Amino acid sequence: MAFVLSLLMALVLVSYGPGGSLGCYLSQRLMLDAKENLKLLDRMNRLSPHSCLQDRKDFGLPQEMVEGDQLQKDQAFPVLYEMLQQSFNLFYTEHSSAAWDTTLLEQLCTGLQQQLDHLDTCRDQVMGEKDSELGNVDPIVTVKKYFQGIHDYLQEKGYSDCAWEIVRVEMMRALTVSTTLQKRLTKMGGDLNSP
């Protein structure tokens with residue numbers, strides 16, 4: 001687990017180099033919040049993931065959306081926003097409160113909310129008139145289905161400690177993917193199709 005965390009943190013740190021600006025400092029503040037949220041998720045570890053191997057599940061993380069050219073420029077920002085919103089929704093529940101250290105959980109929810117608030121300040125600059133179309137964007141539907149699968153899994157498992165541990169590890173993967181997407185947005189100044 002320590003090796004995996006080190007690898008994830010290294011990937012996140014690599015993405016912190018100087019990048020473009022969307023006029024709202026997306027690359028700086030958002031990336032710092034993302035790094036802190038990953039650290040908090042790591043600190044929330046209460047069980048060894050090895051003790052929960054029987055509960056493992058492939059949630060079908062839609063990584064292909066941030067790899068290669070599958071995600072269009074006008075879809076990247078809403079996908080990032082949706083991933084963070086769904087992450088917040090997952091941890092801001094009564095079931096989550098019962099499973100985790102309250103202080104760490106509150107810090108994580110605050111960090112996710114800060115990322116969302118920051119994205120809200122950038123949304124108009126990046127999206128313009130596209131906001132009304134967000135519900136119909138296929139990648140957004142894919143993200144929603146992914147998180148619905150996580151909610152369904154937790155319910156199936158009775159919100160057990162092992163189920164939450166599996167979800168915690170999965171959320172580290174998801175937030176790492178969202179960090180990769182943030183990196184692409186900032187590196188290209190919001191234009192995913194630029195060289």
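Note that Cβ sites are derived from N, Cα and C of the backbone, with glycine treated the same way.
Of the listed cysteines Cys52, Cys109, Swiss-Prot assigns the disulfide bond with Cys162 to Cys52. The two recorded residues Cys162 (disulfide bond) and Cys122 (disulfide bond) have their Cα atoms spaced 37 Å from each other. Least crowded of the disulfide-bonded residues (Cys122, Cys162), judged by neighbouring Cβ atoms within 10 Å of its own Cβ: Cys162. Annotation for Cys52 (disulfide bond): spatial neighbours Cys162, Ala163, Glu165, Ile166, criterion Cβ-Cβ under 8 Å with sequence separation of six or more.
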